[in-house]
Amino acid sequence: MFDPQLQADVLNQALPYIQAFRGQTFVVKYGGSAMGNAALMEGVIRNVLLLQLVGVRPILVHGGGPEIDSWLNKLGIEKRTLGGLRVTDEPTMDVVEMALAGRANKSLVAEVQRLGGRAIGLSGRDADLLQAVPVSSELGRVGAVTQVDPDVLKVATEAGYIPVVCSVATDAEHRALNVNADTAAAAIAGAVGASKLILLTDTDGVLADKDDKESTISTLTQAEAQSMIDTGRADRGMIPKLEAALTALKHGVGSVHMINGGTPNGLLIEVFTDRGIGTMMAAH
Ligand SMILES: Nc1ncnc2c1ncn2[C@@H]1O[C@H](COP(=O)(O)OP(=O)(O)O)[C@@H](O)[C@H]1O
Ligand SMILES: CC(=O)N[C@@H](CCC(=O)OP(=O)(O)O)C(=O)O
């Protein structure tokens with residue numbers, strides 16, 4: 001039942017967090033695995049809008065692995081991955097860009113607008129936001145970020161827009177490269193001086209045992225994260241996530257949070273209460 005006293009208490013308890021985070025930039029990475037359901041997406045975007053209204057500058061970076069997979073499938077192009085990254089030949093790169101910069105980006109922009117916010121959709125190729133070089137010949141058009149030009153993000157956030165960024169980057173010849181979205185989010189978080197990088201995915205955080213959904217690690221040190229990668233306790237999508245977290249912390253981001261995009265109000269719980277959910281990695 002609606003309890004006005006309880007509702008007022010909740011708002012009141014958020015005061016110290018709102019005071020602490022006002023004016024700070026948070027990069028929120030929304031993974032394709034947690035983007036599939038319209039009701040969940042609405043919940044996440046409402047939380048992002050609330051963050052902005054209490055003075056945080058949110059930047060939304062998104063993936064769209066399942067969206068890419070479904071278009072590859074329709075076009076009869078085989079999917080291959082290596083170490084959690086998509087092997088990206090030229091036809092695959094076309095599909096990646098169409099799916100990420102097109103469908104995935106615009107559906108998030110539309111959702112922000114529908115819920116009363118102002119969003120500007122960007123690809124890493126816009127304003128040279130994400131510059132990259134090919135990682136290896138084996139991976140084809142997969143890019144490693146070499147430089148971020150955060151200017152356009154600054155202009156947009158200062159004007160009250162929520163930037164919605166997809167992880168397609170530009171190479172030196174102005175051609176597209178496919179960057180893992182966690183990697184892109186970490187590079188952006190470092191370049192804009194974000195205080196938090198929040199990765200929303202489809203597990204409750206980093207699992208000590210990847211086959212046991214109940215084994216979420218609440219606090220992970222950088223050494224433990226490295227060891228999970230080295231010993232194979234993290235695989236597939238979790239490897240780029242842990243590597244991204246380590247990169248972000250190295251570049252001055254205050255903390256990295258990995259939470260389930262499907263937990264109702266998960267973002268608000270993580271940011272505005274001391275009962276964090278998911279996995280937190282701090283700089284020290
Ligand atoms: N130790 C681990 N803890 C949590 N998830 C793990 C772990 N190792 C592998 N994974 C896998 O990583 C997946 C998340 O990565 P991914 O599918 O790329 O998500 P997103 O689209 O959110 O980036 C999980 O669904 C899980 O299958
Ligand atoms: C190089 C590489 O693997 N790029 C990713 C980019 C999208 C992504 O990262 O999406 P999620 O966040 O949903 O996993 C891909 O092609 O799937």
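Positions of Cβ are set from backbone N, Cα and C atoms, glycine also.
Of the residues Arg46, Arg80, Arg86, TrEMBL places Arg86 in the same substrate site as Gly64, Gly65, Asn178. Around Gly65 (substrate binding site), taking its Cβ as the centre, 21 other Cβ atoms fall within 10 Å, counting all chains. Ranked by how many other Cβ atoms sit within 10 Å of their Cβ, the recorded positions Lys29, Arg86, Lys241 place Arg86 at the bottom. Proximity of the binding-site residues (Gly64, Arg86, Asn178) to ligand 1: a Cβ under 6 Å from the molecule is found for none of them. A Cβ within 8 Å of the Cβ centre of Gly64, Gly65, Arg86, Asn178, the residues given for substrate, is found for these other residues of the same chain: Gly32, Gly63, Ile68, Val96, Ala99, Leu100, Ser167, Asn180, Ala181.
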